[in-house]
Amino acid sequence: MVQLTHIAPVAALFSGAFAATIKVQAGPGNSFRPESVTAATGDIVEFHFSRTHNVASSSFDSPCSSSGDSAIFSGDLSSGVFSVKVNSTDPIWYFCGYSNHCQDGMVGVINPSGGTLNDYKSRSQATSSSNMPSGVQNGIQGDASAFGSSSGSSASSSASAVSSSAAASGSSASSAAASTAGTATGSSTSGSATSSTSPNAAAPVKAFGLTGVIGALVAFLA
């Protein structure tokens, strides 16, 4: 029987299969289109670039300023795709820090909550400069398949491991059952042979011995 602990990797395989890919255009009119999207945990947001821009995350209270290990940053891109995997439904406020685009109101949000996008945009337009991480982080320069190939392989491997484990468990159970049946049959057969063969084999020996002794005495006396 497959243990319940083996079911988790299979569940992960199916949950990954239903993740959505959300596309945002970065470029037209120095804006993100759409500026606001809603994503579930596990979904992937793709930013498609047609002009030189970047994507950097910030707190709601500090637009145009992105720093720290948890910040998202795409680096400057004039074409191609930058993808971000959503790890929670908490709001992700982001902006373009290229040139003075953030001060021009090029901002967006994933899973808006609390403060409004208009408030965030107004705050960004009141800043004088942008601050961003030094390199790409917390995202991948490439489309959603860059995430899917890795997680898909992992899930497939887990599913294979479950199948192998189940097969091994089944084989062990079958072998044990066969061994038990073989032992029981062998014991029964051995017991039957011992009880039926030994007495019948001893009787002719005893009869032959007594007849032989009498015959020898008769011949001696004659």
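Glycine residues also receive a Cβ, built from the backbone N, Cα and C atoms like all the rest.
Record features, source TrEMBL:
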- 1-19: signal peptide (SIGNAL)
- 36-106: domain 'Phytocyanin' (DOMAIN)
- 119-143: region 'Disordered' (REGION)
- 123-140: compositional bias 'Polar residues' (COMPBIAS)
- 178-199: region 'Disordered' (REGION)
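This prediction places the mean pLDDT of the domain 'Phytocyanin' (36-106) at 97.
Residues of the compositional bias 'Polar residues' (123-140) grouped by DSSP class, helix first, strand second and coil last, total 3 helix, 3 strand, 12 coil.
Counted with DSSP, the domain 'Phytocyanin' (36-106) comes out as 0 helix, 25 strand, 46 coil.
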